[in-house]
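Heads up, the thing below is written out as structure tokens.
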Amino acid sequence: AVDAALLAGVLMRTGEQPHASDVVNYAPFTLLPSAVPRALFDQAYAVQQDFNLLVDAISQNKEFLEQTLASTIKVDDFTARLFRIYMQVLEEGLAQTVFLGINRSDYMCDCGQDGTAALRQIEINTIAASFGGLTSRTADVHRLVLKVLGKTEEASHLLPNNPAKGLASGIAKAWELYGSQRAVVMFLVEEVQRNIFDQRCVENELWNRNIRVIRKRFRDVFERGSLDGSRRLYMDGQEVAVVYYREGYVPQNYDQQNWEARLLLERSRAVKCPDIATQLAGTKKVQQELSRPGTLEELLPGRPEAVARIRATFAGLYSLDEGEEGDRIAATAIADPDRFVLKPQREGGGNNLYGEELRQVLEKIKDSPERTSYILMDKIKPQPALNYLLRAHSPLQASECISELGIFGVYVRQGQELVLNQAAGHLLRTKAIEHADGGVAAGVAVLDTPYLV
Ligand code: ADP
Ligand code: MG
């Protein structure tokens, strides 16, 4: 299985040599595909275009973003800084006319008392949603494993899946509408790029279409990026049509210079994927406000069916804003912490609080404004299944695992006209049940392939 993964290009740089591609290893993955109920899988695909519309609508709704994030930005400095850039860019007036969204909506199958499973959204990632590249190659690995096990029939049921291609088609569309043959696509990447091969899968799809790609860090932009009189973005003398962020979603990504670089990019005419408004649309606070009765209807007027499909995926979400409503749910969670997850406004895994820790933190902040920087969510309880998690240098053992399904969405808008709106493929990540939190990059979850049942 490991050889097959290496052969297929399911790769990551190593922790020891995170800056070099001389010695690399396989990205962690499951030995076997995991069962996913077909009806829920289809449901997740069917709602993706609705989520694309919703995120795009939120990103254009200043009043909603302002109101929703008002309490959060008083206490959460990171969201506040993003918000300040957002306001600054709006005040100056947008130079950008083409908009590109790449997101991934993540779900777990919640197992009810009666044994039936329901699709429940965990979150939607509107910036730097990763693993669309590597997951385009994992199905081949699992197909081979099943064949070796004599499961040829089962192997033939594994679905084709190529998010890398879908994401690249969105980037290519945005590049084309930007309208300059000479202009390049810039991947904005982190200082440490262990997951570079995932990005290369998307990058190669663009080279295949004869679109030039450059990879730069905020630091490079600060030092050598510039805008011309009509706010066209230049990097080392090359015009940039699209900026695809694989960076910039956590406070640690920013120092003062990086914030300045971010502002420069946002002010530019280049297509940002995502623009700052769309990044804000992906905050946990926005997710929680969407679950309030009436909010979806306001954001998507005249689309009752889309609203119904979206709402059907929501778990219980609760505001911890100051006031009676927040007091009440905080008290409920302190009394019964295992029913909930406590989430700050952070991305990238490992930030949420559960169980006893949730109780202690909430106890401490329940009467302070800090409470407002969190939201509460019902805990989803998927049915565990046995699998082997293959990870370099770790012993092989069967573990009780749970899975999280992600659907990639991509859309392009030119002015007010949506010219592309698609589901672009899926990602299944699986982890041992003893880990409450954390993704593949965080070293907790591993890549998997859905086996529909
Ligand atoms: P992040 O932005 O850090 O990825 P998530 O909301 O995706 O934040 O939470 C991280 C992880 O925590 C998820 O991948 C999932 O494993 C777990 N998790 C999040 N919300 C819930 C929930 N409501 N019920 C159960 N597990 C959850
Ligand atoms: Mg997540």
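Placement of Cβ uses the backbone N, Cα and C atoms for every residue, glycine included.
Feature annotations, courtesy of TrEMBL:
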type	residues	note
BINDING	Arg104, 127-130, 193-195, Gln199, 246-249, Arg429, 440-441	substrate binding site
BINDING	Glu123, Lys284, 343-352, Tyr354, 377-380, Glu404, Lys431, Asp437	ATP binding site
BINDING	Glu123, Asn125, Glu347	Mg(2+) binding site
DOMAIN	183-281	domain 'Glutathione synthase substrate-binding'
Could you tell me the C-alpha distance between Gln199 (substrate binding site) and Pro344 (ATP binding site) in angstrom, no decimals? 27
Could you say whether, by DSSP, Tyr354 (ATP binding site) belongs to a helix, a strand or a coil region? coil
Segment confidence, the domain 'Glutathione synthase substrate-binding' (183-281), expressed as mean pLDDT: 98
Relative to the Cα of Val440 (substrate binding site), which of the binding-site residues Glu123, Asn125, Glu347, Lys379, Lys431 have a Cα no more than 10 Å away? Lys431
Rounded to an integer, what is the Cα-Cα distance in Å between Glu247 (substrate binding site) and Glu123 (ATP binding site)? 18
Can you list, in sequence order, the residues of the same chain other than Glu123, Asn125, Glu347 whose CB lies within 8 Å of the CB centroid of the Mg(2+) site? Arg104, Asp106, Ile124, Thr126, Ile127, Ala129, Tyr249, Gly282, Gly348
Out of Tyr249, Tyr354, the listed binding-site residues, fewest other Cβ atoms within 10 Å surround the Cβ of Tyr354
How many neighbouring Cβ atoms, not counting its own, are there within 10 Å of the Cβ of Ala128 (substrate binding site)? 26
Among the binding-site residues Glu123, Asn125, Glu347, Tyr354, name every one whose Cβ is found under 6 angstroms from ligand 1, counting any of its atoms. Glu123, Glu347
Cβ under 6 Å from ligand 2: which of the binding-site residues Glu123, Ala128, Gln199, Gly350 qualify? Glu123
Nearest of the binding-site residues (Pro344, Tyr354, Lys379) to Tyr249 (substrate binding site), judged by Cα-Cα distance: Pro344
